[in-house]
Structures are given as C-alpha cells and as structure tokens.
Amino acid sequence: MPSFDEALQRAGEFGRFQRRAFLLLCLTGVPFAFLFVGVVFLGSRPERFWCRGPGAAALAERCGWSADEEWERTAPPAPPAPPGGPAPGRCQRFRLEAANVSALGCQDPLAAFPNRSAPLEPCRSGWRYAPAPATIVSQFDLVCVNAWLLDLTQAILNLGFLTGAFTLGYAADRYGRIVIYLISCFGVGVTGIVVAFAPNFTVFVVFRFLQGVFGKGTWITCYVIVTEIVGSKQRRIVGIVIQMFFTLGIMILPGIAYFIPNWQGIQLAITLPNFLFLLYYWVVPESPRWLVTQKKGEKALGVLRRIAKCNGKYLSPSYSEITVTDEEVSNPSFLDLVRTPQMRKCTLILMFAWFTSAVVYQGLVMRLGIIGGNLYIDFFISGVVELPGALLILLTIERFGRRLPFALSNVVAGVACLVTVFIPEGIPWLRTTVATLGRLGITMAFEIVYLVNSELYPTTLRNFGVSLCSGLCDFGGVVAPFLLFRLAAVWLELPLIIFAPFSQMPVNASRERKPRSPAPTFEGHCQR
C-alpha cells in the first residue's frame, strides 16, 4: 500500500489546486496582522489631554471657549517630560470652584487667585482631549493613573492568543483543521464587532480577549493547512511566503487608520474581512494528511483525487488505501512533546526562542506609537522593511541551514537596538537606518522560528506543537507592552537597552556542541 506522501506526489505536490488554496489561506494573515498590531492606532494617545473640573466646565460654557482656549486658560502646567519622551498629559486640575466662578474673567480666570495660582487637586474624571478623533484612550479615559490599562488591553489580547493556541490548537488536531478554522473566523468577526461597540472598558477587555482566542485559531490552523497540503519540498517555502501576507497587513493598516478617523471605524474595518473567509467552506477541503492520521483513508483519498483532477493528474484506482502507522493516529498530548531527550530539547529551545522574539518584535512595533514623527509613514516603512527578511531567509536557509541565519538575525537585532540608544537625535537618518536593521533582524528570527517549529514535529504533533510552543510567543506579547510603556515613561530609550540582551538569549540556547552539518531537512527531526 502506498504512503500518503507517495499518493500526494502522484496527485501533484504543488499544482494548481495547492496554489489556489495557498493563496486563499495566505489572505488570513492580513487581518491577523491588523489584530496583532492594531493597538498602535486603536490606542494612540491624543496630542493633548487635561482634566476639566466643575468650575472650568461652567466657565467654558459661560465664556464660549473652544477646546484650545480652555486648555490654555484652565489647564495647569505639565510636569517635565522623560528624557527623549513625549510631553506628558496634565493629570491635575485647578480647583477653580474655590473662588466665585461667576466672578472669574474669561481672559484670565487665574487672576482672581493670589499669585495666579489656584489650588491643585488630583483628577479622577472629566477628561478633555484634543484633537477630536477618538481612540480607546479617550473613549475609556486611559490616562494618568489609568494609563497602564492601555498596556492591559494588548496584554489581554495576547493572553487570548495564548489561550487559543492551547485550546483551538488542540481542537484542530482532534476535530479537524478546516472546521476549527471556520469557527475561528466566525468567532473573531463576531467578537471584533462587540469590541467596536463595547459600552464600557470591562466589556471591551473581555471581548478583546475572546477575539484573541479566535484570532490565534485562524492563524495557526491556516498555517498548518497550508504546510500539510503541499509536498515536503515546498513546505518551507510556503511557510515563509505565508508570513509575507502578515507583513502585507502591517503595510495596509496605516492606510486604513489614516482614512478612518475613529477607533470604532478602524476596529470594524480590520474585523469584518474575517467573515469572507467563511466562503472557504466550499473551496478549501480538510487536510488529507490529517484525515489519514485519523484513519479516515476514504475521505483522504477523496480529497487527493479532487487535488489530482484539478492539477491535471490521475490517481490510479490502485490507490484504494493509504498506509498509516499506529504512531500517526495517536492523539497528541504535552507528554509527547517532552517524551525523549531530543524532543524535550527541541521543545524547550523553541519555547524560549518564541518568547524572546515576541518581546523584542512587539516591543519595536509598539514603540513606533510613542517616539513621535509621522506614525502612518513610519509604520508603513517598518512593514516594507520586513519584506526583504522573507527573501533573505529563502536565499540562506538552503545554503547555510537554519541555525546560522537565526543566530545572525538575533545578533543584528540586538546590536541595532543597543547602537540606536547612543546615536544622537541630531542624526535622524542614521538612527532610522540602524533601527531598520534591527527590525529586519528580529523579523527574520521570528519567521525562522515559525518555520523550524513546523518542520521539527511529525504530522500528529505538528499543530499541537506549533500551538504550544508559539504560546510562549503570546506570553511574550503579554510582557512586551508593560515592559515598553512603563520603561519608556522613565526614559524613552530604556526599552531598547532591555531588548538588546533579549535578542541574544536564543543564540546561546540554540548552540550545540556537535559539528556543523550541511543544511538538513528537519521533517520530524524531534522524534529522534
């Protein structure tokens, strides 16, 4: 009896059918990128905000002030900005009601107080923002003592990714790739709509978590389907190219944010495309490789014949049964990922590499929202920078293997982060160039980890293994916003000093004492 790979080779390993399914599934990466980094635009801080007390509100209404006039005449001086950072908001307010508000002048209301100094008090409500376009910061007053709640929104999303990796990754191995993919697409669409119209911050956070759960389900299942419907020789190429669509999403996002003036509109624009993927029910079949592992040989052969017909091939009637081993039909568990010394080593190194890559990558992306400049152009350029990363991987992994490009990309990222700190702000072109190299390096490291993770595990463990190990990526995403925003409040460049050693840690963890061998094929390598 033929093996599955022999039957797939006969039906065509990357014919018209696979190219069509590959292109359609790759599109999933675009809205997933929107979800992954959308907080940069959803949560951008207004240029100015201040606290409006009852006295200032009454005075503004009586005097007919504009928002700018109210800010100039009633907002207290802002505290000094952190070194290199943006100007902070005004987290206290003048207690104008300590005087007779009706007696205060419209031109200089503070003149009624001794030394033009009204009493100050902390602000708990009554925030005002300028300019007008709303973000989640102005919608839910995520400023001053509540500023950390913006960090929480991204951490909660990544916690959802982590939950989805475990739950939906396991479900995809048990119940099928395409059914979990479709459920996830529907789920991320519905929860995203609820997020856009959330009446309060609690509802927003709960459904953002659920959107993260389903969002991770769409990405991991489409990635695994793509790598399972093609031959082993094409797997590494499609595994890299699919991530280029994630980069495409990063490039498109600033355009959406530029033309849509408020966060609800942006949220809907980046969510609704997920419903279009439900049409794949009639186009993309279940993974025949998964069907074989579930002892559903007839259904697998049906899919293979459909693939062969579309590819202009002919699958002989002699292919009436496909051989499987007992190992191939076992249900996956965490113990399978740590059962042998080699498997434990692979799993632990991959987890660690996922974590550090995610902290640095997400930190550098979110940093674009706080360094000033034109956010839309800078974000677009940062996406363009990622495209050469995929091409460099394709050119190097066959010649040098995976370990050397992975190590060099991490070294480049770490050195670039550290060097950027010490380049004077008066040389912006040099800072931009070095920062660009850092973004390119960490992007390559991220994509190589994804590629190697899918290569190292056998079919029955592939989806579960990728889900579990990439769960540490999501844990890194939980840590990254707190690390970035809290450290940047002290010194804008301080996060870069932390990111630099983070980039070097996977290099040391992945070193082996064995002599270097020519670029190996890693298919199922962790079984040994």
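Cβ coordinates are placed from backbone N, Cα and C, and glycine is handled just like the others.
Listed features, source TrEMBL:
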{"type": "TRANSMEM", "residues": "21-42", "note": "transmembrane segment"}
{"type": "DOMAIN", "residues": "100-528", "note": "domain 'Major facilitator superfamily (MFS) profile'"}
{"type": "TRANSMEM", "residues": "155-172", "note": "transmembrane segment"}
{"type": "TRANSMEM", "residues": "179-199", "note": "transmembrane segment"}
{"type": "TRANSMEM", "residues": "205-226", "note": "transmembrane segment"}
{"type": "TRANSMEM", "residues": "238-260", "note": "transmembrane segment"}
{"type": "TRANSMEM", "residues": "266-284", "note": "transmembrane segment"}
{"type": "TRANSMEM", "residues": "348-370", "note": "transmembrane segment"}
{"type": "TRANSMEM", "residues": "376-397", "note": "transmembrane segment"}
{"type": "TRANSMEM", "residues": "404-423", "note": "transmembrane segment"}
{"type": "TRANSMEM", "residues": "429-452", "note": "transmembrane segment"}
{"type": "TRANSMEM", "residues": "464-484", "note": "transmembrane segment"}
The transmembrane segment (155-172) vs the transmembrane segment (464-484): 3 or more CB pairs under 8 Å: yes
Seg_contact(the transmembrane segment (464-484), the transmembrane segment (266-284)) with at least 3 CB pairs under 8 angstroms, min sep 6: no
Top partner of the transmembrane segment (266-284) among 179-199, 205-226, 348-370 - counted as Cβ pairs under 8 Å: 179-199
Stretch in 179-199, 205-226, 238-260, 376-397 most in contact with the transmembrane segment (348-370), if contact is a CB pair under 8 A: 376-397
Non-local residues, at least 6 beyond the ends, that sit with Cβ under 8 Å of the transmembrane segment (205-226): 21-22, 25-26, 28-29, 31-32, 35-36, 152-153, 156-165, 167-169, 172, 177-178, 180-181, 183-188, 191-192, 194-195, 198, 238-239, 242, 271, 274, 277, 284, 287, 450, 454, 462-463, 466-467, 470, 474
Whole-number mean of pLDDT values that fall within the domain 'Major facilitator superfamily (MFS) profile' (100-528): 83
